[in-house]
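What Swiss-Prot records for 46, 47, 48, 49, 50, 51, 52, 53 is ATP binding site. Annotation comment: Swiss-Prot describes 419-432, 442-451, 459-478 as compositional bias 'Basic and acidic residues'. The annotation region 'Disordered' is assigned in Swiss-Prot to 419-484.
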């Protein structure tokens, strides 16, 4: 089914609701280009749904410009900007028309996929011959500071609530269905000046077959960031598919956290066992899809998990529950915050075991179960294991208790010889302690080449000693008596 936002997007500035000053500024700007006068690029800044992109496309249509657009769904790194935008900024289109370049949501440029994108945009803007319109929700991001100096900034405010009902009536007329004026005003008041959101809400109610004021009142308020409590109220109270799925659209919580909130508050709202069982059944199915998302890294399954946990639980009840219900945060978050220190101790112990057993911490947990049994039954063996795994006394107390840990460390202390550390006595005046002469270290056998050198030196010394001896003790003269 085609989205009505695209189907009924204004084709001309005259069809755009409100923004009269902005429209006139755009007309003056584009006519300067048509007359050959180069102008600075324009940056349209405003909240989502205020009509920034619509204004850019409408002015292009009015003045017969071809549009080249890069939005948040496109890869917008340095190379892409240079190849696509850089080329289009200085040349005509294939049809011979002038080209209007639209860079949507430039404040969303971030991460590795868009690396160098902002710097390349600034480079392109300085040499652009064709008109360029940029849009942003938050123009005062630090990354856009240099960019702001190279553009003409035009602030686009939210659409006035009074300008929304005529647009909704026009769409209802073209789609061929009747709608109560109270429903239109309720949708407009819930939109918070977001025309796109108002059209989406109208389509949700119309396709769901329910155009009652009561259903329109359950639509989420978009005038500010919606809290998780608002989302809980909508999911638990509504029986409308589209309203339930849109309940978490403006909530700044991940699906895992939202799932915990629903799980915690479901028994508070659903008092009939059949409704409660149905709600948890859909919630468990959403958990399966969330697991597949992370396991397979296939984020296309994300929307199924979201639909099951919101619309699934909302439609599980047979009828709405009246009255006020006090919703609260998941108790698991409180427990996790309380046990943060304990969980960190367990991680440290598992890391030590994993290091010694050359396994992961996940497998080390299985090993730890057996170790605890040994710790509680055999202090002697436990002492050796504690020394091997280098566990501290505090860690042992955490795994067992103080008594068991004390017994094990007593065994460890008994195995090691105690070294008495006495304080040195004062020296007596009459007696002095003899200094202890350290023994000469044993010299190992010298290597073969060194042996030859040592032998040669020893022979030379021996020869010199012999000569010296002969000088001191000369030989006596030999006589015939020595032969007899």
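Every residue gets a Cβ built from N, Cα and C, even glycine.
Annotated features, which come from Swiss-Prot, shown on the structure.
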residue	record	Cβ contacts under 8 Å, 6 or more apart
46	ATP binding site	52, 137, 155, 156, 157, 158
47	ATP binding site	137, 157, 158, 193, 194
48	ATP binding site	137, 194, 196
50	ATP binding site	156, 157, 158, 159, 193, 194, 195
51	ATP binding site	16, 17, 18, 19, 156, 159, 195
53	ATP binding site	71, 102, 104, 135
Residue 49 (ATP binding site), number of other Cβ atoms within 10 Å: 22
Cβ atoms near residue 52 (ATP binding site) (within 10 Å, other residues, all chains): 25
Cβ-based neighbourhood (8 Å from the centroid) of the ATP site, residues 46, 47, 48, 49, 50, 51, 52, 53 excluded: 135, 137, 156, 158, 194, 196
